[in-house]
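Colleague: One structure is given below, represented as structure tokens, and several questions about it will come after.
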Amino acid sequence: MNIQQAIKQIVKKQDLSQNEMQKVMNDIMTGKTTDTQTSGFLVGLAIKGESIDEITAVVKIIRSFTKSVTIKNTKHLVDTCGTGGDGLGLFNISTACAFVVAAAGGSVAKHGNRGISSKSGSADVLKAAGVNLNMSVERISKCIEKIGIGFMFAPFHHHSIKYTTNVRKDLAIKTIFNIVGPLTNPAKVPNQIIGVYTQNLVEPIAHVLKKLGSKHIIVVHSKDGLDEISIADDTFVAELKNGKIKTYTINPTNFGLPLGNLDDIKVNNADDSLILIQQALDGKDSVAKNIVALNSGAAIYVCELANSLQEGVSKALKILNSGVAHQKLDDFVRESTGC
């Protein structure tokens, strides 16, 4: 199937099979389609709604072109990454969580990029902290094995995406590439907590990752619109564990945490975000600390360092109050520039 045939099919609201989608996406990722064709295809998919098989196929193709990072011990390997696009301008919660999980004994292969729709992307705030973003795959692997955290800057690992960059900028809408970003971790992490920008993606993404062989996954979207576990409202969850998917709703009060005001954790830039991250990692009582505890607790749970979400959040709070998570940030800055 070529892209013209695919467009004709999706405008009829007909899903593509995995094989059909892989053929079309391979052509896009190798520069064999025009910008007009790629644009029409992406818009058509977005209007139709991307199916589980279509998303799975795109992830497979992107992974096949990815510059991979090899991690020897994957038992507690995890990523904390979201689709972004919630438009709320909050600080980099999932980035802060990475240091808490590392302090808990996890191995965090953090996948991220500069801010596109947000005030601060994970790459922006890490650069503000002094982290070297231009590490080779070997150095990233060493950092993960030595201190429990490494950062994989998306443009370095996904060169083939370049064929879609201009089209996506011109379209200025969410496309399938926004959905698959967190699913294309270069270290092939078996465990993840993933935030998505709409509730409609929560359960489908869990099914995609089941098809792709993931081990333990939590996908979240909150009632108040976050691609994180919210400190201010209910959060919808799909959990993949032992090959089975279950859905449920959680609230901060389930974990003994008070509801917080999201206005307290909004930022204007990466420097603002870094301040909130440092305060949370120092254990300063705040909305920032509590939302980091919720999300890092989920990550601690999915990478098998806690037996339940409740235990994971409890461990995260103890780590935050001890200040050792901030030490992990300092260690990472040092190792990224010299390891």
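First residue shown is number 1, and so on along the chain.
Each residue, glycine too, has its Cβ placed from N, Cα and C.
Annotated anthranilate 1 binding site per Swiss-Prot: Gly82, Asn113, in sequence order. The 5-phospho-alpha-D-ribose 1-diphosphate binding site annotation in Swiss-Prot covers Gly82, 85-86, 92-95, 110-118, Ser122. Annotated Mg(2+) 1 binding site per Swiss-Prot: Ser94, Glu228, in sequence order. Residues annotated as anthranilate 2 binding site in Swiss-Prot: Arg168. Look at Swiss-Prot and you will find Asp227, Glu228 tagged as Mg(2+) 2 binding site, backed by sequence analysis.
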Colleague: Kindly assign the residue listed as 'anthranilate 2 binding site' to one of the three DSSP-derived states: helix, strand or coil.
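Modeller: Where the residue listed as 'anthranilate 2 binding site' sits, the three-state DSSP reduction gives helix.
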Colleague: Restricting the comparison to the binding-site residues Gly82, Thr95, Asn113, which residue's C-alpha is spatially nearest the C-alpha of Glu228 (Mg(2+) 1 binding site)?
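Modeller: So, of the listed binding-site residues, the one sitting closest to Glu228 (Mg(2+) 1 binding site) is Gly82.
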Colleague: Can you give me the Cα-Cα distance between Gly82 (anthranilate 1 binding site) and Ser94 (Mg(2+) 1 binding site) in Å, rounded to a whole number?
Modeller: 8
Colleague: Through the lens of DSSP with three states only, how would you label Asp227 (Mg(2+) 2 binding site)?
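Modeller: Its secondary structure by DSSP: coil.
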Colleague: For the residue listed as 'anthranilate 2 binding site' and Gly112 (5-phospho-alpha-D-ribose 1-diphosphate binding site), what Cα-Cα distance in Å is obtained after rounding to a whole number?
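Modeller: Cα to Cα, the residue listed as 'anthranilate 2 binding site' and Gly112 (5-phospho-alpha-D-ribose 1-diphosphate binding site) are separated by 18 Å.
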Colleague: Sorry to bug you, but what's the C-alpha spacing from Asn113 (anthranilate 1 binding site) to Thr95 (5-phospho-alpha-D-ribose 1-diphosphate binding site), rounded to the closest Å?
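Modeller: For Thr95 (5-phospho-alpha-D-ribose 1-diphosphate binding site) versus Asn113 (anthranilate 1 binding site), the Cα atoms are 11 Å apart.
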Colleague: In whole Å, note down how far the CA of Ser94 (Mg(2+) 1 binding site) lies from the CA of Asp227 (Mg(2+) 2 binding site).
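Modeller: Ser94 (Mg(2+) 1 binding site) has its Cα 10 Å from the Cα of Asp227 (Mg(2+) 2 binding site).
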Colleague: What number of additional C-beta atoms lies within 10 angstroms of the C-beta atom of Ser94 (Mg(2+) 1 binding site)?
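Modeller: Ser94 (Mg(2+) 1 binding site) is surrounded by 25 other Cβ atoms within 10 Å.
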Colleague: Give me the count of other Cβ atoms within 10 A of the Cβ belonging to Thr95 (5-phospho-alpha-D-ribose 1-diphosphate binding site).
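Modeller: Counting Cβ neighbours of Thr95 (5-phospho-alpha-D-ribose 1-diphosphate binding site) within 10 Å gives 26.
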